[in-house]
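Listed in Swiss-Prot:
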| type | residues | note |
| --- | --- | --- |
| BINDING | Ser19, Phe20, Ser21, Thr66, Asn91, Asp106, Tyr227 | shikimate binding site |
| ACT_SITE | Lys70 | active site, proton acceptor |
| BINDING | Glu82, Gly129, Ala130, Gly131, Gly132, Ala133, Ile225, Gly248 | NADP(+) binding site |
Amino acid sequence: MITGKTLITGVIGHPIEHSFSPPMHNNAYKLMNMDYKYVPFHVEVENLKHVITSAKTLNIKGLNVTIPHKTTIIPYLDEIDETAEKIGAVNTINFKDGIAKGYNTDGIGAIVSIEKYTSLKDKNIMIIGAGGASKAITFTLLNKNINQLIVANRSKDNAQKLITNLKNQTNFENIDFINIKKTDNVIDDVDIIINTTPIGMYPKDEVAPPIKTDKISSKHTVMDIIYNPLETQLLKQSKKQGATTIPGTHMLINQGIKAFEIFTGKTPSYESFEKPLLKHLQG
């Protein structure tokens, strides 16, 4: 039941109809007996400038930010977390004492997911793709004492921009580029593989994985940030080769849990987010 005491959080995006965040957050609120509701808000690009002022006026406590607003929302914020500023994208906004502060929980969501299965310390990691998700994850990775980062991408220019940016912001130098078609040459030297491209996403989930998988083995941990389908072709083939695989639902859940903590100061259980997500994905 919604009353005058109910606190509102939500997510802004365009489109927003297919967001999985509302069922996850609302289920956690219910299980934790918290008088909160999480609402999806459809915000078109031309109306973005009004969001922060409107949220403050309506006493909204927090907002997640999804496509296409993660970068364009930044000029309207009062403050931005150091990590989000370096990544150049915001996916979470907290409102407190009239201040709208932006955060990015995508990177930490990925890191928590990987560390559930393996340590990152001294590992050689290959990340596939050089877009926004790759930037969020790689920046966070470089603070985890890894040994080497390899960026596999079709476009060398885009990868090089990412690499230069990472080196400038972290002073981590052991970062290399490889063409996505030549990853076979380095698979044996890599411990962890992360796909951040949309290759394999529904409805094109039967296409070949972004890299060849015949050299993947039991020594590898492979994560795909795609969560629909639950198991991409990359994960299916890697599992057949003996690798430990991590589906994209893990990152989606863990970044959401971090946002929940920012909004409320409380930590929901992993299961409270996982159950409604799987229900919607499988339903």
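Every residue, even glycine, has its Cβ placed from backbone N, Cα and C.
Projection of Swiss-Prot feature records onto the structure.
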{"residue": "Ser19", "record": "shikimate binding site", "Cβ contacts under 8 Å, 6 or more apart": "Val11, Gly13, Pro40, Thr66"}
{"residue": "Phe20", "record": "shikimate binding site", "Cβ contacts under 8 Å, 6 or more apart": "Tyr227, Leu252, Leu277, His280, Leu281"}
{"residue": "Lys70", "record": "active site, proton acceptor", "Cβ contacts under 8 Å, 6 or more apart": "Ala89, Val90, Asn91, Gly132"}
{"residue": "Ala130", "record": "NADP(+) binding site", "Cβ contacts under 8 Å, 6 or more apart": "Val151, Asn153, Ser155, Asn158, Ala159, Lys161, Leu162"}
{"residue": "Gly131", "record": "NADP(+) binding site", "Cβ contacts under 8 Å, 6 or more apart": "Asn158, Thr196, Thr197"}
{"residue": "Ala133", "record": "NADP(+) binding site", "Cβ contacts under 8 Å, 6 or more apart": "Asp106, Thr196, Ile225"}
Surrounding the recorded shikimate site, with Cβ no more than 8 Å from the Cβ centroid of Ser19, Phe20, Ser21, Thr66, Asn91, Asp106, Tyr227 and those residues left out, we find Val11, Asn64, Leu252, Gln255, Gly256
NADP(+) binding residues Glu82, Gly129, Ala130, Gly131, Gly132, Ala133, Ile225, Gly248: largest Cα-Cα distance, in Å and rounded to whole number: 25
Cα distance (Å, whole number) from Ser21 (shikimate binding site) to Gly129 (NADP(+) binding site): 24
Provide the three-state secondary structure of Thr66 (shikimate binding site) computed with DSSP. coil
For the binding-site residues listed here, Ser21, Thr66, Asn91, which shows the highest count of neighbouring CB atoms within 10 A? Asn91
Ser21 (shikimate binding site), DSSP three-state class -> helix
Inter-residue C-alpha distance, Gly248 (NADP(+) binding site) and Ser21 (shikimate binding site) (nearest angstrom): 14
Rounded to a whole number, how many Å is the Cα of Glu82 (NADP(+) binding site) away from the Cα of Ser21 (shikimate binding site)? 24
